[in-house]
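J.: OK, Swiss-Prot features for this one:
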- Cys3-Cys21: disulfide bond (DISULFID)
- Cys14-Cys42: disulfide bond (DISULFID)
- Cys27-Cys31: disulfide bond (DISULFID)
- Cys46-Cys57: disulfide bond (DISULFID)
- Cys58-Cys63: disulfide bond (DISULFID)
Amino acid sequence: TKCYVTPDVKSETCPAGQDICYTETWCDAWCTSRGKRVDLGCAATCPIVKPGVEIKCCSTDNCNPFPTWRKRP
């Protein structure tokens, strides 16, 4: 499987046994001015969701592009 991986947000072949791509987003102290933090990568299983963290998992090549945020009006 190939997934986008941060920090460079470039497509990389996942290590053996890691066939899941994930997109993890969460708020930190700068969330209101910079938007949510984003972490992209490969995993063997979909990571456990923690409070305040949103995780999306998928299993096709490059299915985890960097999220596009809507501008606030």
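Note: Cβ is positioned from N, Cα and C throughout, glycine not excepted.
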J.: Provide the number of Cβ atoms within 10 Å of the Cβ of Cys3 (disulfide bond), excluding the reference atom itself.
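T.: The answer is 26 other Cβ atoms.
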J.: Of the disulfide-bonded residues Cys3, Cys27, Cys31, Cys46, Cys63, which one has its Cα closest to the Cα of Cys14 (disulfide bond)?
T.: Cys3
J.: Using DSSP reduced to three states, classify Cys14 (disulfide bond) as helix, strand or coil.
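T.: Going by the DSSP assignment, Cys14 (disulfide bond) belongs to neither helix nor strand, so it counts as coil.
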J.: What's the number of neighbouring CB atoms sitting within 10 A of the CB on Cys63 (disulfide bond)?
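T.: Summing over all protein chains shown, Cys63 (disulfide bond) has 17 other Cβ atoms within 10 Å.
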J.: Out of Cys3, Cys21, Cys42, Cys63, point to the one nearest Cys57 (disulfide bond) in space (Cα versus Cα); all of them are disulfide-bonded residues in the record.
T.: Cys21
J.: Minimum Cβ neighbour count within 10 Å among the disulfide-bonded residues Cys31, Cys42, Cys46, Cys57: which residue?
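T.: Relative to the other disulfide-bonded residues in Cys31, Cys42, Cys46, Cys57, Cys31 has the fewest Cβ atoms within 10 Å.
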J.: Near Cys58 (disulfide bond), which residues of its own chain have a C-beta under 8 A away, given they sit six or more steps off in sequence?
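T.: Non-local contacts for Cys58 (disulfide bond): Ile20, Cys21, Tyr22, Asn64.
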J.: For Cys42 (disulfide bond) and Cys3 (disulfide bond), what Cα-Cα distance in Å is obtained after rounding to a whole number?
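T.: Given the Cα positions, Cys42 (disulfide bond) is 6 Å from Cys3 (disulfide bond).
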J.: Here the disulfide-bonded residues are Cys14, Cys21, Cys27; which one has the lowest number of other Cβ atoms no more than 10 Å from its Cβ?
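T.: Lowest Cβ count within 10 Å among the disulfide-bonded residues (Cys14, Cys21, Cys27) is Cys27.
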J.: Tell me, in order along the sequence, which disulfide-bonded residues from Cys31, Cys46, Cys63 have their CA within 10 Å of Cys3 (disulfide bond).
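T.: Final answer, ordered: Cys63.
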